[in-house]
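Here's what Swiss-Prot has on this protein:
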type     : residues                                                                                     : note
ACT_SITE : ASP74                                                                                        : active site, proton acceptor
BINDING  : ASP74, GLY75, ASN148, ASP149, ARG176, ASP178, THR189, ALA190, TYR191, ALA192, LEU193, SER194 : NAD(+) binding site
Amino acid sequence: MDSALFKTIALIGKHKNPDIVIPLLSLAEYLTDRGISVVLDSLTAAHISNSRYPILTLEEIGKQADLAIVLGGDGTMLNIARALVPFSVPLIGINQGRLGFLTDLTADTMHETLNDMLAGQFVVENRMLLTVEVTRNGESVFKELAFNDVVLHRGISSGMIELEVHINGEYVYSLRSDGLIIATPTGSTAYALSSGGPILHPGLNLMTLVPICPHTLSNRPIVIGADATIEIKVHFTTEIKIYTDSHSWFDLSEHDRVFIQRCPETIKLLHPVHHSYYRMLREKLGWSGILQKNSR
């Protein structure tokens with residue numbers, strides 16, 4: 001990918017967040033001064049004073065923009081990534097949220113960093129997604145994409161749910177628990193991590209299945225290849241919901257079947273050349289620094 005392709009850049013901010021207005025307009029002016037055409041997402045533009053830049057829907061952005069810069073947190077980045085994945089528009093994230101696992105630029109240094117990135121000094125990272133489909137009596141009743149994870153959860157019910165898990169047509173285990181998380185490497189640092197799952201490097205083509213509060217302690221997280229097909233059969237339950245990225249949800253019924261597999265498309269993230277996944281983990285998760293020897 002060459003930076004000369006970035007003739008039109010879309011700016012997308014966290015909706016209804018006044019904190020993004022000043023950095024977004026500053027960024028728009030910075031890009032315009034460099035001869036780049038700037039367009040704004042329609043929902044973002046609805047909350048700022050704008051009479052200068054064209055306003056497009058996300059679908060129009062997908063068809064017209066060479067790059068999308070997202071100002072917000074990981075939640076905003078997840079939503080925009082899912083919407084733009086059919087168009088293969090690369091994304092740069094500027095963190096205006098809390099942790100910022102996906103948004104690694106800061107508003108304070110974005111101009112300096114973008115100088116290098118727009119000159120072609122960046123690294124491309126392709127992130128995998130999941131497709132999930134629910135069938136009921138042989139008919140499809142729910143389809144969605146997940147960038148982070150697919151979660152089956154008991155909702156507000158006090159009882160456990162019962163699931164039967166198959167991988168590539170082979171029975172793996174039955175599970176009585178509060179739920180089950182199926183996470184991508186991107187999602188391995190989200191809900192799956194807080195439920196005891198492993199951290200997966202985003203360059204790996206893997207998925208992890210992480211039980212939520214299992215009744216049997218031997219039900220541990222497992223890691224499988226991304227080319228696998230997961231089938232989950234829903235057994236007796238009072239209430240169970242399926243969530244994708246905590247965004248879309250659907251009520252499941254007994255005997256429903258859930259099919260999860262890797263999406264053929266990927267999300268293209270652009271990082272500065274000095275980006276380090278391990279440094280990011282240290283900073284976001286508060287890991288200790290290098291041990292120093294005592295000098296005596």
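Including glycine, each Cβ sits where the backbone N, Cα and C put it.
Sequence features annotated in Swiss-Prot and their locations in the structure.
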{"residue": "ASP74", "record": "active site, proton acceptor", "Cβ within 10 Å": "22"}
{"residue": "ASN148", "record": "NAD(+) binding site", "Cβ within 10 Å": "30"}
{"residue": "ARG176", "record": "NAD(+) binding site", "Cβ within 10 Å": "16"}
{"residue": "THR189", "record": "NAD(+) binding site", "Cβ within 10 Å": "23"}
{"residue": "TYR191", "record": "NAD(+) binding site", "Cβ within 10 Å": "21"}
{"residue": "LEU193", "record": "NAD(+) binding site", "Cβ within 10 Å": "18"}
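A distance of 10 Å separates the Cα atom of ASN148 (NAD(+) binding site) from that of ASP74 (active site, proton acceptor).
Taken residue by residue with DSSP, ARG176 (NAD(+) binding site) is part of a strand.
Under the DSSP three-state reduction, TYR191 (NAD(+) binding site) is assigned to helix. For the pair THR189 (NAD(+) binding site) and the residue listed as 'active site, proton acceptor', the Cα-Cα distance reads 11 Å. Rounded to the nearest whole angstrom, the C-alpha distance between ARG176 (NAD(+) binding site) and the residue listed as 'active site, proton acceptor' is 31. If you measure from the Cα atom of TYR191 (NAD(+) binding site) to that of ASP74 (active site, proton acceptor), you get 13 Å. Cα separation, LEU193 (NAD(+) binding site) to ASP74 (active site, proton acceptor), rounded: 15 Å.
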